[in-house]
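See below for the structure under consideration.
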Amino acid sequence: MDRSLGWQGNSVPEDRTEAGIKRFLEDTTDDGELSKFVKDFSGNESCHPPEAKTWASRPQVPEPRPQAPDLYDDDLEFRPPSWPQSSDNQQYFCAPAPLSPSARPRSPWGKLDPYDSSEDDKEYVGFATLPNQVHRKSVKKGFDFTLMVAGESGLGKSTLVNSLFLTDLYRDRKLLGAEERIMQTVEITKHAVDIEEKGVRLRLTIVDTPGFGDAVNNTECWKPVAEYIDQQFEQYFRDESGLNRKNIQDNRVHCCLYFISPFGHGLRPLDVEFMKALHQRVNIVPILAKADTLTPPEVDRKKRKIREEIEHFGIKIYQFPDCDSDEDEDFKLQDQALKESIPFAVIGSNTVVEARGRRVRGRLYPWGIVEVENPGHCDFVKLRTMLVRTHMQDLKDVTRETHYENYRAQCIQSMTRLVVKERNRNKLTRESGTDLPIPAVPPGTDPETEKLIREKDEELRRMQEMLHKIQKQMKETY
């Protein structure tokens, strides 16, 4: 009986079938061979079961596909193909669909995280979130700022500080009488307070200098202030050079508001001497105090005169950093206005008065009200903007990178010179031996040991004489 009767009309040679099966079994991982094998036998009707012959002729009625649990988009390429079966017993093989965005948890960084980004942002790495990490760590740690106020008594230093930070730092202050002021010397007082605003903590330290400029003879009255600044640098240098550097408290003075009296025709000799003595140690911001005692034209003339004298005497006050070319135009205009306002003409007040139906901080006069936070009356808002809102970090950076580094370099140079000098002295002492006394022979020594000691003594004396002769010849030669 012919074996090909089972293959009616579409018989395939037996050797071809066996060769294809053998090739398929030899490499089951080759997709190309699998496709070729299926293609060779796809047209053979006898390869399918009898009920499969009518599958293509039946009308295909779409059936609802069961919903599967969601899966990420990256797993789509691993879904196995679904092979069609008869409509009587039709089955589907498919991987779960992707997880819907509403069902999966949200990233703490929002759109900056590729987990929540769109398909176009899948190549996003994520290091752009570093500013967020630094911000979170900095807010958790808090910030330090030390502000020094210097100037004569009665110029409104304490009042201005309270107005700047909306707090009362001098509630325990005791006002001295006339006799006590005569005997008063320059002192350094510290007022520390923790301020919190919108979750940001600031450890503010105010350094006051009561008694400065109040004496009849103010010669070198700036020395206690300079010594205090150097002491803070020295303490920070020691902490930085120690073993435990994790929790170093920064008490370095970051800014000094120097108050200039509105009475006179510019800077006084004491003002010039103070600023020249401290401009290499701290950021100096000149303040024209009690600006409400001057008319607007007088304020302009006073500012211009002070700026000319500062430049004439070579005083280096705090310099505002230059704006970058890509900065916003509004920021550039604001920065230019701050630079032109030096020295800041300010008014301080702790009293709240009512002006035009509003309660403001100001001073009440018979002719009207002077508002502290009115830009048309004084430069208080500009000073607060510069000191707190825009340039506080730059003041700290200049202190760390310029003033403290200068002090640190001087300390290292002094230590190096001392070490080199000590080494040279020890080396000269060892070579000359003049400072080392010749030891005496201990009693009870045997004759041989005594003889060796005396020979060494004679040798040392000859070497010393030769060294003295060489040194004498060198001096005569040079």
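Heads up, the Cβ atoms here are built off N, Cα and C, so glycines get one too.
Since we're looking at a predicted model, the values are computed, not measured.
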Region 'G4 motif' according to Swiss-Prot, located in which of 5-8, 213-216, 281-284, 289-292: 289-292
208-211, 300-303, 324-327, 348-351 - the range that Swiss-Prot marks as region 'G3 motif': 208-211
Structural state of SER325 (phosphoserine), classified by DSSP into three states: coil
Residues that sit under 8 angstroms from SER325 (phosphoserine) by C-beta distance, when 6+ apart in the chain: none
Secondary structure tally of the region 'G1 motif' (151-158) (DSSP, helix then strand then coil): 2 helix, 0 strand, 6 coil
For the domain 'Septin-type G' (141-414), the mean pLDDT of the predicted model: 85
